[in-house]
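S.K.: Here you go, one structure.
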């Protein structure tokens with residue numbers, strides 16, 4: 001037992017998605033394609049905003065921040081999935097696991113806040129158009145983006161510190177495809193109630209608060225849009241917000257399910273699916289959704305290819 005405890009403190013084994021060979025090959029191909037689309041799509045969007053002066057506005061500044069987060073977010077998780085899918089050695093060091101958990105949580109929280117900031121930006125643009133440039137100034141843009149990044153990286157350090165102070169003496173086999181907090185609580189032989197309370201409080205502060213701000217912004221936006229007499233004006237306003245609403249629903253839904261449900265309702269297989277949605281699928285779809293519904297972005301990318 002002593003030898004086992006020492007081993008479990010040095011490294012963990014990620015059980016992954018499946019042990020069936022042909023499913024592993026399918027998963028590898030799918031995740032490789034998704035990762036390449038994520039990288040290329042987000043890089044193209046960032047470059048498109050950078051080279052087109054018309055796109056250098058607050059809305060696209062926040063969108064570029066979202067793309068950077070998505071690139072880093074996906075790169076924190078997907079390469080490890082690809083390695084573990086084709087390798088018989090699925091071990092990950094204690095330090096490697098802690099770093100993966102840290103960046104995953106930091107970037108995930110930053111994305112929550114930046115999505116709320118983008119909703120606020122749309123609220124000001126539609127509901128306060130005459131004061132838009134005064135309210136959403138360059139200084140305000142930098143400040144809001146800084147809050148998003150700081151909230152993510154600051155909160156993650158607390159969670160990771162508390163998690164890796166736990167003694168993992170039950171097992172060192174993690175029933176997940178990356179180092180995420182909930183599966184780690186099951187490995188500890190110590191009461192994890194404090195860790196779970198901290199996780200729930202942090203999730204409520206970051207996820208629910210960001211979701212609430214987004215919801216309030218869109219209630220006001222929709223109320224204002226419905227008062228627009230021109231049909232063309234209403235359609236243009238709705239089109240501006242539709243992409244962001246779709247991204248918000250895809251991200252917040254799985255995140256709320258993953259971090260705010262009671263421990264008794266946890267299911268390893270369902271948790272894996274939910275984690276896949278916001279760590280691999282959403283970062284891939286974000287640039288596609290925004291660029292497909294945005295003529296300025298698509299025209300810029302086409303003209304430079």
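Cβ coordinates are placed from backbone N, Cα and C, and glycine is handled just like the others.
TrEMBL does not curate its annotations; it predicts them automatically.
I grabbed these lines from TrEMBL:
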- 41-290: domain 'G-protein coupled receptors family 1 profile' (DOMAIN)
- 22-47: transmembrane segment (TRANSMEM)
- 59-82: transmembrane segment (TRANSMEM)
- 102-120: transmembrane segment (TRANSMEM)
- 141-162: transmembrane segment (TRANSMEM)
- 197-216: transmembrane segment (TRANSMEM)
- 237-260: transmembrane segment (TRANSMEM)
- 272-292: transmembrane segment (TRANSMEM)
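Each of these features: where is it, how hidden is it, and who are its neighbours?
M.R.: As a whole-number mean, the pLDDT of the domain 'G-protein coupled receptors family 1 profile' (41-290) in this prediction is 85.
Tertiary proximity for the transmembrane segment (22-47) is limited to same-chain residues at least six positions away from its ends with a CB under 8 Å from its CB atoms, namely 63-64, 67-68, 70-71, 74-75, 78-79, 81-82, 85-86, 280-281, 283-284, 286-288, 290-291, 297, 301, 304.
Counting same-chain residues at least six beyond the ends of the transmembrane segment (59-82), those with a Cβ under 8 angstroms from any Cβ of the stretch are 14, 16-17, 27-28, 31-32, 34-35, 38-39, 42-43, 45-46, 49-50, 92, 100, 103-104, 107-108, 110-111, 114-115, 117-118, 121-122, 125, 141, 144-145, 148, 177-178, 279-280, 282-284, 286-287, 290.
Residues 59, 62-63, 65-66, 69-70, 72-73, 76-77, 144-145, 147-149, 151-153, 155-157, 159-160, 178-181, 206-207, 209-211, 213-214, 217-218, 244, 247-248, 251-252, 255, 278-279 of the same chain sit 6 or more residues outside the transmembrane segment (102-120) yet have a Cβ under 8 Å from a Cβ within it.
With a threshold of 8 Å between CB atoms, the same-chain residues lying at least 6 positions outside the transmembrane segment (141-162) that come near it are 58, 61-62, 65, 98, 101-103, 105-111, 113-114, 117, 120, 181, 194-195, 198-199, 202, 206.
Long-range contacts of the transmembrane segment (197-216) within the same chain, counting only residues at least 6 positions beyond its ends with a Cβ under 8 Å from a Cβ of the stretch, are 109, 112-113, 115-116, 119-120, 151, 155, 158-159, 162, 181-182, 248, 252, 255-256, 259-260.
With a threshold of 8 Å between CB atoms, the same-chain residues lying at least 6 positions outside the transmembrane segment (272-292) that come near it are 17, 31, 34-35, 37-38, 41-42, 44-45, 48, 63, 66-67, 70-71, 73-74, 77-78, 81, 104, 108, 176-178, 180, 243, 246-247, 250-251, 253-255, 257-258, 298, 301.
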S.K.: Mind checking which residues of the chain, 6+ beyond the ends of the transmembrane segment (237-260), have their Cβ under 8 Å from one of its Cβ atoms?
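M.R.: Tertiary neighbours of the transmembrane segment (237-260) are 108, 111-112, 115, 118-119, 122, 125-126, 182, 199-200, 203-204, 207-208, 210-211, 214, 218, 221, 224-225, 228, 271, 274-275, 277-278, 281-282, 285-286, 289-290, 293-294.
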